[in-house]
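Positions annotated as topological domain 'Lumenal' by Swiss-Prot: 1-18, 91-95, 161-181, 283-306, 362-375. Residues or ranges marked as topological domain 'Cytoplasmic' in Swiss-Prot: 40-69, 117-139, 224-261, 328-340, 397-411. Summarising the annotation, Swiss-Prot assigns transmembrane segment to 19-39, 70-90, 96-116, 140-160, 182-202, 203-223, 262-282, 307-327, 341-361, 376-396.
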Amino acid sequence: MDLKHTLRDLCMNPRHTRWVAPLLILGDAVLCALIIWKVPYTEIDWTTYMQQISLYISGERDYTLIKGSTGPLVYPAAHVYIFNILYHLTDEGRDIFLGQILFAILYLATLTVAMTCYRQAGAPPYLLVPLVLSKRLHSVFMLRLFNDGFAAYAMWVSILLFMNKKWTAGAIVWSTGVGIKMTLLLLAPAIAVVLVLSLSLGPSMQLGFLAVLIQVLFGIPFLQNNPAGYVSRAFELTRQFMFKWTVNWRFVGEELFLSRKFSLALLALHILLLGLFVATVWLKPSGSDLPSFLQRLIQRRYRTASLSKSFIMTAMLSSLAIGLLCARSLHYQFFAYLACATPFLLWQAGFHPILVYVVWVAQEWAWNTYPSTNASSLVVILSLAAQVFGVLGNSFSRKHLDQSSQKEHLQ
């Protein structure tokens, strides 16, 4: 009986995360070394990154003319600056082994920040175990060397900064992440709500302007040459994705997948879900409904709210999950953003620990199925839906976010 109680306490008591997390990270570091040693590297985009950087170093500043063997440069300027550094560190991209080591360090840094967020949000230790067991996540970082690793790191650092009320630093890091890959724009709705709740409208708009200014500063070398070309390539919102590479909507069939009606339906669903979350989940700390909140905000009668760390983390990760659920096409590297978010969102959905692990295993299987199938893509959608609608439904049933806040004060 004592053993059962001890094991339960070890798994459920947030106080244990302070020592469980370092042990898991240490074990994962060993696993990373084994993966680099034993599992062959797979070339996908690394060579293209290096070819594009070579053109940049040679003086090319027209984004439309920077290309590689697998296509044109389609990422914002911060991506160029980061991989310019990697280009020089890895002997123009030829030292793949060193590149893998650098990405392993990046992976462990991302994992460390994510676990810190979990601990500060009062999450139980059993949620940390899935964070170190994702085959696809290890692959994205160490075997594929995708730029998503840097964007995911920026995402988690910004979440941690926002959780600790470091608003300006959080906005800077988040905008830097957007400058690596546009995926981080999916967090923008939640960030806007969190900032307005915490700072009111004026200061929030100033931080929004700062985030935009950072993008302009990153892009200056390219904006001076061909501004339209830079914006259209780096921030292209109408890009068409090939059906054969999709991870999420394969089960709907190629004809529907490529149709404009399907694209518009997903956009409408995205807007609807964001509206529901704003009205029912994200505005809860304000103590008022959406019309009253907007009225007080416009009339400058709104009193700022003190947001719990768990609330901020839940808002930002649920905004991410909503965007991924409604995305027309997800590729395997998008798992860099989702992998560490899923256990926390399932917990905030109020799911039993066993169900948390069941959904996590199903999602992991789906994202490791290559090429994707009708079944695996359906599971991708269902697992994302479980996270989104789980958090939404739990906000109606009980004050789970408030309970999480209370746990923080007990730590």
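Each Cβ is built from the backbone N, Cα and C atoms, and glycine gets one as well.
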Report summary line: Given the transmembrane segment (307-327), its same-chain partners at Cβ distance under 8 Å and 6+ residues beyond its ends are 117, 120-123, 155, 159, 162-164, 185-191, 193-194, 197-198, 248, 266-267, 269-270, 273-274, 277, 281-282, 285, 334, 337-338, 341, 344-345, 348, 381, 384-385, 387-388, 391, 401-402, 404-405, 407-408
Query raised in the report: Does the transmembrane segment (203-223) come near the transmembrane segment (96-116), with 3+ Cβ pairs under 8 Å (pairs 6 or more apart)?
Result: no
Requested in this report: Please give the sequence-distant neighbours of the topological domain 'Cytoplasmic' (328-340): residues at least 6 beyond its ends with Cβ less than 8 Å from one of its Cβ atoms.
Outcome: 110-111, 114, 131, 134, 136-137, 139-141, 144, 146, 148-149, 151-152, 155-156, 183, 241, 245-249, 257, 262-263, 266, 320-321, 363, 367, 370, 380, 384
Report summary line: Summed over the topological domain 'Cytoplasmic' (224-261), the DSSP helix, strand and coil counts are 20 helix, 0 strand, 18 coil
Requested in this report: Determine which residues of the chain contact the topological domain 'Cytoplasmic' (40-69) at the Cβ level, with the cut-off under 8 Å and only residues 6 or more beyond its ends counted.
Outcome: 80, 83-84, 86-87, 92-93, 96, 99-100, 139, 143-147, 221-222, 224-226, 229-230, 232-234
Query raised in the report: Hey, does the transmembrane segment (140-160) touch the transmembrane segment (19-39), meaning at least 3 C-beta pairs closer than 8 angstroms, sequence gap 6 or more?
Result: yes
Query raised in the report: Excluding the flanking five residues on each side, which residues at least 6 beyond the ends of the topological domain 'Cytoplasmic' (224-261) place their CB within less than 8 Å of a CB in that stretch?
Result: 61-64, 72-77, 182, 324, 327-332, 334, 366-367, 371-378, 380-381, 384
Report task. Quick one: find which recorded stretch in 96-116, 140-160, 262-282, 376-396 has the most Cβ pairs under 8 Å with the transmembrane segment (70-90). Result -> 96-116
Requested in this report: Provide the three-state DSSP residue tally for the topological domain 'Lumenal' (91-95): helix first, then strand, then coil.
Outcome: 0 helix, 0 strand, 5 coil
